[in-house]
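**Q** For reference, the structure I am asking about is given below.
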Amino acid sequence: MGTRKTKAPPPAALGRASTKKDLPDHFKNYRHVWVFIELERGQVHPVSFELLGEGRRLADQLGVQLAGVILGPPGDSTRHAVAEAFAYDADLVYLVEKPLLTDYRNESFTKALTDLVNTYKPEILLLGATTLGRDLAGSVATTLLTGLTADCTGLDVDADGSLAATRPTFGGSLLCTIYTLNCRPQMATVRPRVMRMPQRSNKPVGRVIRHDLRMLEDEIVTKVVGFLSDGQSENANLAYADVVVAGGLGLGAADNLQLLKNLAQTIGGDYGCSRPLVQKGWMAADRQIGQTGKTIRPKLYIAAGISGAVQHRVGVEGADLIVAINTDPNAPIFDFANIGVVADAVSFLPALTEVFIRRLAPGNHIRLVN
Ligand SMILES: Cc1cc2nc3c(=O)[nH]c(=O)nc-3n(C[C@H](O)[C@H](O)[C@H](O)COP(=O)(O)OP(=O)(O)OC[C@H]3O[C@@H](n4cnc5c(N)ncnc54)[C@H](O)[C@@H]3O)c2cc1C
């Protein structure tokens with residue numbers, strides 16, 4: 001891969017507080033790993049489970065507990081979120097249940113989460129880099145005056161117990177590891193699908209710590225009056241699709257995007273694109289795949305007319321099977337594709353679609369590689 005990992009100097013070499021021993025006294029009793037369980041309009045976002053998997057690993061390395069943090073209205077959806085947190089291996093759950101928390105609003109969620117942190121003092125706090133998570137993480141970090149590393153692609157614990165949060169930098173050509181040395185908690189966000197989905201353990205129950213939210217509706221400036229569809233809600237699942245067909249500049253014209261859609265529809269998949277197609281206005285931004293778009297982990301990824309730049313590669317390399325169609329036999333995408341087809345995508349895509357239509361006709365069977 002074209003991305004190089006910087007050799008991060010050990011925190012001590014930076015001449016600042018680097019171990020728990022050197023931390024200001026009031027931070028020394030910060031312990032345990034917390035994962036914010038994102039519950040929006042009744043649904044737990046799957047990135048929360050991916051983060052519980054990571055959180056479990058970090059907590060085990062540190063020898064501390066893993067907690068889920070759930071903020072929501074009283075009712076079934078919040079109860080379900082608590083049960084799911086335990087099923088994905090949380091040791092305990094911090095729960096703030098209030099009608100005020102029915103819909104996400106920055107003021108109420110920031111107050112609830114910062115109150116919890118100030119009371120129970122976690123050492124590490126992880127959130128999904130979703131629209132909600134990014135908004136909340138930024139305001140919680142600035143309220144608590146602590147460090148936040150956004151869009152991490154790797155999380156680890158150093159020998160001295162510090163969180164080593166790795167993320168792309170300099171346009172994706174380097175990876176850097178960032179430490180929060182002098183503040184607690186150490187906060188990080190991770191985009192959906194960057195981390196693997198852990199096994200659901202079916203652990204039925206655990207300890208729930210309820211916490212109050214001392215806030216009145218009158219104190220919240222933001223009022224939710226309703227939800228409007230942007231007409232693109234069907235796009236929300238691209239990150240979690242099992243089959244994705246994507247196109248790049250090699251498709252040559254906006255009209256040729258229909259070829260992608262036809263193939264995706266035929267094989268029951270979703271479709272996406274490289275960044276230049278969004279910049280040209282050929283496809284909506286929420287279909288962009290890559291470093292500044294979506295990360296995907298499908299069973300099958302078909303890339304047509306995409307060169308395989310590192311910023312695109314980081315978004316697709318978790319796919320089980322990558323099929324690349326490109327006229328240039330030296331295109332970088334062939335370095336990491338499992339199957340390479342040197343061909344004109346504009347004629348190859350309809351031919352492939354035809355084959356699938358025939359093979360998928362009643363009486364025929366097709367099996368995707370697992
Ligand atoms: C900070 C930053 C963030 C970025 N984030 C992203 C991101 O999230 N996602 C992303 O995709 N990019 C991102 N980019 C852009 C990235 O660097 C590349 O420029 C981009 O991925 C290239 O898109 P492409 O492969 O479609 O186009 P090109 O690189 O121009 O490649 C087109 C390919 O099509 C092939 N081709 C031409 N004609 C045909 C044909 N008829 N049939 C088949 N193949 C053909 C060519 O051989 C070529 O390999 C980012 C860049 C920066 C600096």
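Using N, Cα and C of the backbone, Cβ positions are placed for all residues, glycine too.
Nobody curates TrEMBL annotations by hand; they come from automatic prediction.
These figures come from a predicted structure and were not determined experimentally.
I grabbed these lines from TrEMBL:
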DOMAIN    33-224  domain 'Electron transfer flavoprotein alpha/beta-subunit N-terminal'
BINDING   274-275, 288-292, 305-312, Asn326  FAD binding site
**Q** Of Gly308, Val310, His312, which binding-site residues come close to ligand 1, meaning Cβ under 6 Å from one of its atoms?
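**A** So the answer is His312.
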**Q** If you count other Cβ atoms within 10 Å of each one's Cβ, which of the binding-site residues Ile306, Val310 has the most?
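**A** When each Cβ's neighbours within 10 Å are tallied, Ile306 tops the list.
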**Q** Of all the binding-site residues given, Ser274, Gln288, Thr292, which has the fewest Cβ neighbours within 10 Å once its own Cβ is left out?
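**A** Among the binding-site residues Ser274, Gln288, Thr292, the lowest count of other Cβ atoms within 10 Å belongs to Thr292.
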**Q** Look at the binding-site residues Gly290, Gly308 and tell me which residue has the greatest number of other C-beta atoms within 10 angstroms of its C-beta.
**A** Gly290
**Q** Determine, from DSSP, whether Gly308 (FAD binding site) sits in helix, strand or coil.
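**A** In three-state terms, Gly308 (FAD binding site) counts as coil.
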**Q** Taking the Cβ of His312 (FAD binding site) as the centre, how many other Cβ atoms fall within a 10 Å radius?
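**A** Taking all protein chains shown, His312 (FAD binding site) has 26 Cβ neighbours within 10 Å.
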